[in-house]
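Take a look at the structure below.
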Amino acid sequence: MILNASDLGWDESSGAEPLFPADQLDSPPPYEVPPLTVWGVALCVSGTLIAAENAIVVTTILATPSLRAPVFLLLASLGLADLLAGVALILHFLFLFCVEPNDWSELLTSGLLVTSLTASLCSLMGVALDRYLSLSHALTYGSGQSRRRAAILLLLVWLGAGVIGAGPAMGWHCLEEPNSCSVARPLTRTYLSLLCGGFLVVVVVTLQLYAGICRVARRHAHAIATQRHFLPSNQPYASKHSSGRGFSRLILVLSVFVGCWMPFSLWGLLGDASSPPLYTYATLVPAAGSSLLNPILYSLRNKDIRKVLLNACCPHRYSHSTHIHYPVDV
């Protein structure tokens, strides 16, 4: 049936606007933004908290000339990676609930999230490596050569993370072939399997480094006890209390590290496009949540960073000190 002007509900004599203008008959209907959900609010709030928290850490380290040791460069890299993860979550929220999404928005957010998570995980491995070297090479720790090595390591980390994160934009996506999708659209199953396999390798290496830290610390404690032959009467409790507290901190750090990264790494290898999306969210949330916990576990717990922050917040109460402790707390 052919429609004319009167059929479209347009009466020239009444001066009313046409319900369906003739030049828009063949155009697609306007995009309707989906209603805001609890998941959307949580996504926006968590991304904002992650970005703000890590922005404070990165600004504090970069704005303080005394914080230039290798460990602080690694913590700044970790904070920058987690900051980008927060920005990626905010962009995902905007593309999902505020503007019309398209293929490039999906590729942008997924690529940025892959880059940030890769850099964050590799920076965590770098922090573990720094702690191991600071114990096994305590005499040369913090030298100019160590800083140069840390800078080269971070450059390689970010170059590698950038190349890996550019995979979706370079064609490693399933937008044109939905059957090849992984549990995390628009990443292909092959791409995500390689990515999660690499994550597992980094997790295993990091755990080996922390095991090496425990061995070196045990040797140091044995050497000190051998040299002293005995401790004063008031020292055994303090020594045991300090060792127990350090071991508890190490267990906490490792538990959070494994608990955040292991579920998604295994699910990315085992799941496919037909798997329930709820499982993907349940495993991806802890991985993204690590970006919220990392500043607390690694940066804000450091005495020197806390001292700079307290001095910036209350300059009249806390005196500024440039003395730096090496290595960082475990």
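Think of each number as a place in line: the chain as shown, counted from 1.
Placement of Cβ uses the backbone N, Cα and C atoms for every residue, glycine included.
Here TrEMBL flags 38-64 (among others) as transmembrane segment.
For the domain 'G-protein coupled receptors family 1 profile' (53-298), the predicted model reports an average pLDDT of 83. The domain 'G-protein coupled receptors family 1 profile' feature in TrEMBL is assigned to 53-298.
Taking Cβ pairs closer than 8 Å, the transmembrane segment (71-95) reaches residues 40, 43-44, 46-55, 57-58, 61-62, 101, 105-106, 108-109, 112-113, 115-120, 123-124, 126-127, 130-131, 134, 147, 150-151, 154, 157-158, 161, 288, 290-292, 294-295, 298-299, 302, 304-305, 326-328 in its own chain, all 6 or more past its ends. What TrEMBL lists as transmembrane segment is 71-95 (among others).
Under 8 Å from some Cβ of the transmembrane segment (107-129) lie the Cβ atoms of residues 71, 74-75, 77-78, 80-85, 87-89, 91-92, 95, 150, 153-154, 157-158, 160-162, 164-169, 173, 175, 184, 186-187, 195, 198-199, 202-203, 205-206, 209-210, 213, 257, 261, 287-288, 290-291, 294, 298, all in the same chain and six or more residues away from its ends. The feature transmembrane segment is assigned by TrEMBL to 107-129 (among others).
Distant neighbours of the transmembrane segment (150-171): 70, 73-74, 77, 81, 107-108, 110-112, 114-116, 118-119, 122-123, 126, 130, 186-187, 191, 195, 198; these residues of the same chain sit at least 6 beyond its ends, with a Cβ under 8 Å from one of its Cβ atoms. The transmembrane segment annotation in TrEMBL covers 150-171 (among others).
According to TrEMBL, the transmembrane segment annotation covers 191-211 (among others).
According to TrEMBL, the feature transmembrane segment maps to 250-269 (among others).
Under the heading transmembrane segment, TrEMBL lists 281-300 (among others). Same-chain residues lying 6+ beyond the ends of the transmembrane segment (281-300) with a Cβ under 8 Å from its Cβ atoms: 46, 49-50, 53-54, 56-57, 61, 75, 78-79, 81-82, 85-86, 89, 113, 116-117, 120, 124, 127, 184, 252-253, 256-257, 259-261, 263-264, 266-268, 306, 309, 328.
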Folded-back contacts onto the transmembrane segment (250-269), same chain, C-beta under 8 angstroms, at least six residues removed: 121, 124, 182-184, 192-193, 195-197, 199-200, 203, 206-207, 210, 213-214, 279-280, 282-284, 286-287, 289-290, 293, 297-298, 330
